[in-house]
Amino acid sequence: MATSASSHLNKGIKQMYMSLPQGEKVQAMYIWVDGTGEGLRCKTRTLDCEPKCVEELPEWNFDGSSTFQSESSNSDMYLSPVAMFRDPFRKEPNKLVFCEVFKYNQKPAETNLRHTCKRIMDMVSNQHPWFGMEQEYTLLGTDGHPFGWPSDGFPGPQGLYYCGVGADKAYRRDIMEAHYRACLYAGVKITGTYAEVKHAQWEFQIGPCEGIRMGDHLWVARFILHRVCKDFGVIATFDSKPIPGNWNGAGCHTNFSTKTMREENGLKHIKEAIEKLSKRHRYHIRAYDPKGGLDNARRLTGFHKTSNINDFSAGVADRSASIRIPRTVGQEKKGYFEARCPSANCDPFAVTEAIVRTCLLNETGDQPFQYKN
């Protein structure tokens with residue numbers, strides 16, 4: 001089982017320095033989505049005092065030609081802070097700062113999907129859209145092999161590992177526990193976690209978050225996971241089908257509700273939203289992974305608890321459907337529905353924006369509507 005060389009270094013030496021006092025100064029780590037639409041980058045600056053809100057944080061810049069976001073001849077890109085969290089690695093008063101990215105002309109970068117999403121969420125704020133996203137991931141060794149899998153074969157068949165207990169059923173629970181606690185410390189709205197169906201696969205849930213905050217919290221939770229995995233010397237992949245063959249893929253099931261859906265007889269509004277989604281399936285498939293559906297084509301096969309990528313379906317307690325209505329929601333006739341098609345490597349801003357456009361703004365067709373300022 002290959003782990004990184006840095007994970008074998010003496011961590012006690014680092015702690016000797018991390019315990020030094022830092023006076024009134026604060027380290028703020030700025031985090032952003034790079035030009036791939038999947039990767040995260042970060043850099044740290046020193047502030048003279050602890051910021052009390054995100055508005056007190058200064059804008060910054062970076063070399064976009066090194067992150068697939070600009071040409072080297074015009075490489076300066078701008079970081080605009082939009083969300084602030086406690087830093088679980090350096091601890092208080094230090095901060096994690098999630099940022100939007102803007103070009104030299106102050107237009108949003110191509111992978112800054114938050115900018116448009118924020119505008120769409122503001123348009124429906126009176127409906128109080130809530131989201132919860134279930135982030136699946138697979139642990140790999142530094143050689144790209146699933147962590148804990150035999151080097152020359154496969155583990156036992158699926159069925160033993162979901163919510164599994166024991167060294168032969170749940171690999172690297174310590175990573176999950178460290179990530180969970182780090183998210184709680186940071187103020188990320190993490191609500192649960194468990195071992196998934198495939199060996200070395202885990203899931204954590206973020207939410208419920210209202211509107212734009214869903215994407216902020218999920219991206220920062222992903223960042224924290226990558227940092228935790230680095231300390232343990234392994235890799236977390238959000239690939240939608242990291243292991244070909246008879247193994248589960250990885251999704252990011254997205255739960256959605258509005259105020260009216262959560263109220264008495266809200267099931268009526270849930271069914272109306274599902275009907276709208278059924279007429280716009282191709283648009284949503286394109287929005288549900290960063291490659292416009294190509295990643296999900298490997299995952300949404302109609303097998304391994306997925307629907308077929310080409311067909312829309314919905315049902316109560318049906319995990320092979322595009323949309324699942326939880327049984328308790330069907331019984332209570334109010335609550336939420338689960339969109340099961342988003343891939344594990346989706347951009348949460350793209351997913352939540354698409355759902356709102358179709359379900360609340362009543363858009364139709366294969367392209368998003370362009371609203372005037």
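Backbone N, Cα and C atoms are what each Cβ position is placed from, and that goes for glycine too.
Database features (Swiss-Prot):
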MOD_RES   Ala2  N-acetylalanine
MOD_RES   Lys11  N6-acetyllysine
MOD_RES   Lys14  N6-acetyllysine
DOMAIN    24-106  domain 'GS beta-grasp'
MOD_RES   Tyr104  phosphotyrosine
DOMAIN    113-373  domain 'GS catalytic'
BINDING   Glu134, Glu203, Phe204, Gln205, Ile206, Gly207, Pro208, Asn255, Phe256, Ser257, Arg319, Arg324  ATP binding site
BINDING   Glu134, His253, Glu338  Mn(2+) 1 binding site
BINDING   Glu136, Glu196, Glu203  Mn(2+) 2 binding site
BINDING   Asn246, Trp247, Arg319, Arg340  L-glutamate binding site
BINDING   Tyr336, Phe337, Glu338  ADP binding site
MOD_RES   Ser343  phosphoserine
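Shown on the structure are the features that Swiss-Prot records.
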| residue | record | DSSP class |
| --- | --- | --- |
| Ala2 | N-acetylalanine | coil |
| Lys14 | N6-acetyllysine | helix |
| Glu136 | Mn(2+) 2 binding site | strand |
| Glu203 | Mn(2+) 2 binding site | strand |
| Trp247 | L-glutamate binding site | coil |
| His253 | Mn(2+) 1 binding site | strand |
| Phe337 | ADP binding site | strand |
Would you list, in sequence order, the residues of this chain other than Glu134, His253, Glu338 that have their CB within 8 A of the centroid of the site's CB atoms, where the site is the one recorded for Mn(2+) 1?
Gly132, Met133, Gly251, Cys252, Thr254, Asn255, Arg324, Ala339, Arg340
Lowest local Cβ density (other Cβ within 10 Å) among recorded positions: Tyr104, Phe204, Tyr336:
Tyr104
Are there residues of the same chain, six or more positions away from Pro208 (ATP binding site), whose CB falls under 8 angstroms from its CB, and which are they?
Trp130, Phe131, Gly132, Lys189, Thr191, Asn255, Ser257
In three-state terms from DSSP, label Pro208 (ATP binding site) for me.
strand
Most Cβ neighbours inside 10 Å, all chains, among the binding-site residues His253, Arg319, Arg340:
Arg340
Across the domain 'GS beta-grasp' (24-106), average pLDDT on the 0 to 100 scale:
97
Which chain neighbours of the Mn(2+) 2 site, leaving out Glu136, Glu196, Glu203, have a Cβ atom within 8 Å of the mean position of the site's Cβ atoms?
Glu134, Gln135, Tyr137, Tyr194, Ala195, Val197, Gln201, Trp202, Phe204, Ala250, Gly251
